[in-house]
Amino acid sequence: MPIITDVYAREVLDSRGNPTVEVEVLTESGAFGRALVPSGASTGEHEAVELRDGDKSRYLGKGVTKAVENVNEIIAPEIIEGEFSVLDQVSIDKMMIALDGTPNKGKLGANAILGVSIAVARAAADLLGQPLYKYLGGFNGKQLPVPMMNIVNGGSHSDAPIAFQEFMILPVGATTFKESLRWGTEIFHNLKSILSQRGLETAVGDEGGFAPKFEGTEDAVETIIQAIEAAGYKPGEEVFLGFDCASSEFYENGVYDYSKFEGEHGAKRTAAEQVDYLEQLVDKYPIITIEDGMDENDWDGWKQLTERIGDRVQLVGDDLFVTNTEILAKGIENGIGNSILIKVNQIGTLTETFDAIEMAQKAGYTAVVSHRSGETEDTTIADIAVATNAGQIKTGSLSRTDRIAKYNQLLRIEDELFETAKYDGIKSFYNLDK
């Protein structure tokens, strides 16, 4: 039977050693689902609330026992007494949103609500004997995503003196996901060798990318291009580059202040100068995607950037849109950006996540399914990427098990789909003039 008989949450640890929420759901028939909730380092101010305890004597205030209690003492009784079917995802998600009663899930916590939402979906898939991607996407979920591999970490994700948070490679010239993963791995290892030869650090950051002390942004870019060529691939044809600028992390009082991360030599740019700078980088290097190139509240700057390079570069809103359909709708109406980053914990339920992806795709925006810097062994985002035919996934570098787990899950899915599996490569950037 599909009726849920037990919902249980516990406090576990994420990839940074910080507490997070794990939720388990059980049905009458024994179907079971488990979910672990991720956590971000650089967060948009409009994100749903991640509930932390604030007790400095325990986990430095980062405990999640309040969120766990909210699952076990508030959400679980509501689901069990209401005799909800595990197959009724939308009703359960809406019930939790109503039970919270705040616009940002600040009462129960998005980390509590999301854990239940994903665990319910996993239990439903188990009940039906289906893989999660097939339960979520039906027979039409068959497109494997282009991986956006974050091989150099800067900004808030590392101690490297570079303002931009992520430098990514995208193997769009591959013909299968399996091949794209191999290309990325070969480039990653070539990059490590090049860094070692230069006497630079090869320790990795939160998302598995290297965090050496480059001599600035262009040094990082040119070193990555060198690694692509050393691996035997053609930059700008087979492999493109991408940035996550995370501009909100160094924007203050109308100024993009690179010195926050780059020290006394870091530039200070107005919005117009920031647009000019990003355009110069796009003109000089094979860049296909830029995330959060402008501050989340600098909508005039976003408009300028979109008008300037939005026809040839994917401009992804992360802190800008925070997986929120109300904000995304405003962005679509005003021609802001051309893509949305999808992070399940920014909004807090699977239902709202799927609504955001659908809205973006209907408007001709791309949707990039993404991890967080604080991750776990949970692989749900891999299944979501295939279920929604998103075409792109951002889940870190080619090291750290919390990142590799998602890539390995995509390899399994590609194998399961066999001849029906698609990898569209450059065609996944369907709204660009490429």
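Glycine is treated like the rest: Cβ placed from N, Cα and C.
The structure displayed is predicted, hence computed values, not measured ones.
Residue environment of Lys343 (phosphoenolpyruvate binding site) contains 26 other Cβ atoms, counted within 10 Å of its Cβ in all protein chains. In the three-state DSSP assignment, the secondary structure recorded for Lys343 (phosphoenolpyruvate binding site) is coil. The annotation phosphoenolpyruvate binding site is assigned in Swiss-Prot to Ala41, Lys343, Arg372, Ser373, Lys394.
Residues or ranges marked as (2R)-2-phosphoglycerate binding site in Swiss-Prot (evidence: sequence analysis): Gln165, Lys343, Arg372, Ser373, Lys394. When other Cβ atoms within 10 Å of the Cβ of Ser373 (phosphoenolpyruvate binding site) are tallied across all protein chains shown, the result is 24.
Secondary structure at Glu207 (active site, proton donor), taken from DSSP and collapsed to helix, strand or coil, is coil. The active site, proton donor feature in Swiss-Prot is assigned to Glu207; the stated evidence is sequence analysis.
Among the features that Swiss-Prot reports, Mg(2+) binding site is placed at Asp244, Glu291, Asp318. In this structure, Asp318 (Mg(2+) binding site) belongs to neither helix nor strand by DSSP; it is coil.
Summarising the annotation, Swiss-Prot assigns active site, proton acceptor to Lys343 and lists sequence analysis as the type of evidence.
In the three-state DSSP scheme, Glu291 (Mg(2+) binding site) is classed as strand. Counting only same-chain residues six or more apart in sequence, the Cβ atoms lying under 8 angstroms from the Cβ of Glu291 (Mg(2+) binding site) belong to Glu166, Gly242, Phe243, Asp244, Cys245, Ala246, Val316, Gly317, Asp318, Leu341, Val368. In this structure, Arg372 (phosphoenolpyruvate binding site) belongs to neither helix nor strand by DSSP; it is coil.
DSSP assigns Lys394 (phosphoenolpyruvate binding site) to a strand. Lys343 (phosphoenolpyruvate binding site) sits 15 Å from Glu207 (active site, proton donor), counting Cα to Cα. The Mg(2+) site is set by Asp244, Glu291, Asp318; from the centre of their CB atoms, other residues of the chain with a CB within 8 Å are Gln165, Glu166, Phe243, Cys245, Ala246, Ile290, Asp292, Val316, Asp319, Leu341, Lys394. A distance of 10 Å separates the Cα atom of Lys394 (phosphoenolpyruvate binding site) from that of Glu207 (active site, proton donor).
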